[in-house]
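Student: This is the structure, below, for whatever I ask next.
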Amino acid sequence: MIGFGTVFNIFTIIVGTLLGTLLGSKLSEKTSRTVTDSLGLITIVLGGLNLMSLMDTDYSKAVTGPGTFFIVIFAILFGGIIGSLLKIEDRLEGFGGWLQTRFSKKTQGSESRQRFITGYVDASLIFAIGPMAILGSMSDGLGQGSDTLVVKSILDGFAAIAFAASLGWGVGASAITVGAWQGLLTAVAFFGGAGIPSAMVSSITATGGILMLGIGLRLLNLRKVAVADMLPALVFAPLFTWLVASLL
């Protein structure tokens, strides 16, 4: 059934958040910080692995070797500029704050509010920008099955447990973002009826890897990289890949 993968993903994130929140209430502040640091390091490693797509054979052939690196660089730069002008990060945090007011009576400037927003934004980015989210949704929409999204859902469920243990209920709210994003991609694939060329997939994966590095830095409290402002890079990367491949 088309759309099942995304529905199941929403379910696992919510269940994972419930379990993680129950677990987190029994953890000390030091342990919660250690969990967050561990997630930050893991996210950086996953981002680095995604960057390996820069050396993908089909991608290198399509845009000639070093072109893969420059395409991703320009995609990040242009995406960051556009995203900053559109204030995507601010809008995402604002939406997270709005959600928090619906679930809690805490004051606007409270630590609880910021923790909720951080959990929502960081979890939304991690669960939504990975290649499995994009490829799985497209495959689901094309009627090729939801196997990829089912696997992603299980992974997200376990990740939600870990995130919620240290960041709380905001992680569960990321299910809204995941549902909207993957639902959109599934609908585009369903009505568009075409797959994504391998070279474009690699460009998206590599660009997503850089964004994941930024998320890792955020989780480690090294620097609050405005990763959400760079999300348009996921559109520019395949677009630039198509343009360069067409000219060569």
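Even glycines carry a Cβ here, placed using N, Cα and C.
So TrEMBL says this about it:
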- 6-23: transmembrane segment (TRANSMEM)
- 35-55: transmembrane segment (TRANSMEM)
- 67-86: transmembrane segment (TRANSMEM)
- 116-138: transmembrane segment (TRANSMEM)
- 158-181: transmembrane segment (TRANSMEM)
- 188-213: transmembrane segment (TRANSMEM)
- 225-245: transmembrane segment (TRANSMEM)
Student: Quickly jot the same-chain residues contacting the transmembrane segment (188-213) by Cβ under 8 Å, restricted to those at least six beyond its ends, or write none.
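Tutor: Same-chain contacts beyond the flanks: 2, 43-44, 46-54, 56, 58-59, 61-63, 68, 71-72, 75-76, 79, 125-126, 129-131, 134-135, 137-143, 227, 230-231, 233-234, 237-238, 240-242, 245.
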Student: Hey, which bits of the same chain come close to the transmembrane segment (35-55), Cβ under 8 Å, at least six residues off its ends?
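Tutor: Beyond its ends, the transmembrane segment (35-55) has Cβ neighbours at 27, 68-69, 72, 126, 130-131, 159, 162-163, 165-167, 201-203, 205-206, 208-213, 215-220.
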Student: Cβ under 8 Å to the transmembrane segment (225-245), counting only same-chain residues 6 or more beyond its ends: which ones?
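Tutor: Beyond its ends, the transmembrane segment (225-245) has Cβ neighbours at 59, 62-63, 67, 71-72, 74-76, 78-80, 82-84, 86-89, 92, 121, 125, 129, 134, 196-197, 199-201, 203-204, 206-208, 210-211, 214-215, 217-218.
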Student: Residues sitting near the transmembrane segment (158-181): Cβ under 8 Å, six or more positions beyond its termini, same chain?
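Tutor: Residues 6-7, 9-10, 12-21, 23-24, 27, 32-33, 35-36, 38-39, 92, 96, 99-100, 103, 112, 115-124, 126-128, 133, 137 contact the transmembrane segment (158-181) from elsewhere in the chain.
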